[in-house]
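Peer 1: The feature active site, charge relay system is assigned by TrEMBL to His299, Asp355, Ser524. The disulfide bond feature in TrEMBL is assigned to Cys138-Cys165. The domain 'Sushi' annotation in TrEMBL covers 108-167. Feature annotation from TrEMBL assigns domain 'VWFA' to 169-244. As annotated by TrEMBL, domain 'Peptidase S1' applies to 256-587. Under the heading signal peptide, TrEMBL lists 1-34.
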Amino acid sequence: MTFSLPWLSRSTVLETMAPLLALLALLQLGPGLAALSCPQNVNIVGGNFTLSRGWAPGSVLIYSCPLGRYPSPAWRECQSNGQWQTPRASSLPTLRSSRLAKAVCKPVRCPAPTSFENGIYIPRLGSYPVGGNLSFECEHGFTLRGSPVRYCRPNGVWDGETAVCDNGGKSNMGGSPKPAVDNIREILGISRNRNDYLDIYAIGVGKLDVDWKELNELGSKKDGERHAFILQDAKAVQQVFEHILDVSKLTDTICGVGNMSVNASDQERTPWQVTFKPKSKETCQGSLISDQWVLTAAHCFHDAQMEDRHLWRVIVGDPTSHHGKEFHVEEVLVAPGFNVHAKQSQGISEFYADDIALLKLSQRVKMSSHARPICLPCTVGANMALRRSPGSTCKDHGECWRLEVLGGLRQSLLAGCQQGWGGLQSSSWTHQLWVKRPVSTSPFSPTAETELLSQQKVPAHFVALNGNRMNINLRTGPERTSCIEAVSQNKGSFPGLTNVSEVVTDQFLCSGMEGDDSPCKGESGGAVFLERRYRFFQVGLVSWGLFDPCHGSSNKNLRRKPPHGVVPRDFHISLFRLQPWLRQHLDGVLDFLPL
């Protein structure tokens, strides 16, 4: 039996003691235990830092530096033992040491060109300081395309366009493809020793005189793989693409891969989708995020007895075919702040904050075209899927993902790192308010939310009970304000509500306007995801809504339209707000990027 008190940091000794012994131990330790804090010798040379919760355990410290410099390390987290946890390289394990490494602001540098054929560039250095210039010249008979002089910008990226020396090439439109290939290599940081990170396919189509030598030079060179093709017509091109994109041969845990061919099943299109069955009753969905962990909603466990988890089942793969397999649940992690009745004293009968949970399966899932994890933002796997530099940070992901939920995001994100997500009664319905549900703030950089959701109306998807991929538009900025206002009109569920933010906190993404599909009861906990670069990224989690399109119907394929006077709205947890909680519980499972 375990024993813990809310004012104590986690302690291995106390948690394993019998209750009476634990109380005696606490009396001997005295009240000073609650005042545990991390050392304050964390200044950064040449920069500043912010704290999410002061010096208390759980607080995240984020460093910042002037333009042209970057912090090393980028962040620290105050652990329950009163020591700072400092990250190492993004793909390496976290360093835990009593010796605190000194934080410094290091100068940003631009990389040297990986190659420049048929010409020269000066000066030739291993890397270049901010403000440095590179000049390019071509040999006789070659024309310089791109920028003749490039300037190293403060963000470590060269300005201008990639310089190449071109003699015309053999392409029948747009000139030689080699400049584009070189540009791709430079953007992705592909040097000779990193060729395995890039696949380039060169295809010549038609019965014209195709230059095989040039095609072969453009394509990647890898053992046992073919990257150059000469094809007769468009039908042959389709066959080659299906050969290239055959994900059924992938056996590792590469994330965010779905089979989008015309012959693929629904499960093959969204292989991360799982069905969760507490006590043999299907009530929730979830997403596979590794070969042994599932992300779902906390309300799926409301009123459930944790000791009965041996009765629960998670179906991975297609539940209607032999590809589906049932897994027992070994461990359940529910956000401690989950309390559906937290605001009853304020007249809010149901409040869905802290609605998130993690399930550890009893055994590892064998990867296949029917079972594969989805990418989570700010992880090394997602970084590779986005084809970004290995040195990227969570903030860099923001520059390609934009998920800015509201204007004052930075202040709220830096306000604290306590995570929380929401709850639901086992029926999932009260006054037609069903739980799909919310999140709390984190110290995550706001720009990390801003690249995935760059517009005020961002196309996204969730998976229905019948396996179909449904379409929604996530609303941000002023559009979000209009979206959440519908809650105040729902007097049946929220009588007397004067401030919508008391129910729909800044933890929520909002959808359900202008003909969006609405999730049904039973679809709670499923992934809200986007497609970028032909890979799939989970940005939210289905939480709660105002209208159930499947209410009163036993047909999973039948979704009714809202009756007159009913305004549908759906709310989804933003995973960008969950970074500390996810990092705390998935450390060693997923490799996270520095904040």
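Placement of Cβ uses the backbone N, Cα and C atoms for every residue, glycine included.
No curator has checked TrEMBL annotations; they are predicted automatically.
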Peer 1: Take every residue in the domain 'Peptidase S1' (256-587), average their pLDDT values, and give the whole-number result.
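Peer 2: Computed over the domain 'Peptidase S1' (256-587), the mean pLDDT is 78 on the 0 to 100 scale.
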Peer 1: Given the recorded positions Cys138, Cys165, His299, Ser524, which one's Cα is the least distant from that of Asp355 (active site, charge relay system)?
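Peer 2: With Cα distances computed to Asp355 (active site, charge relay system), the winner among Cys138, Cys165, His299, Ser524 is His299.
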Peer 1: Just to be sure I understand, if DSSP states are collapsed into helix, strand and coil, how many residues of the domain 'VWFA' (169-244) fall in each?
Peer 2: 35 helix, 8 strand, 33 coil
Peer 1: If you measure from the Cα of His299 (active site, charge relay system), which of the recorded positions Cys138, Cys165, Ser524 is the nearest?
Peer 2: Ser524
Peer 1: Can you tell me the CA-to-CA distance separating Cys165 (disulfide bond) and Ser524 (active site, charge relay system), as a whole number of Å?
Peer 2: 55
Peer 1: Could you measure between Cys138 (disulfide bond) and Ser524 (active site, charge relay system) for me? Cα positions, answer in whole angstrom.
Peer 2: 60
Peer 1: How many other Cβ atoms sit within 10 Å of the Cβ of Cys165 (disulfide bond)?
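Peer 2: Other Cβ atoms within 10 Å of Cys165 (disulfide bond): 21.
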Peer 1: Using DSSP and three states only, what is His299 (active site, charge relay system)?
Peer 2: helix
Peer 1: Fewest other Cβ atoms within 10 Å: which of the recorded positions Cys138, His299, Asp355, Ser524 wins that one? Let me know.
Peer 2: Cys138
Peer 1: For Cys165 (disulfide bond), just give me the three-state DSSP call.
Peer 2: strand
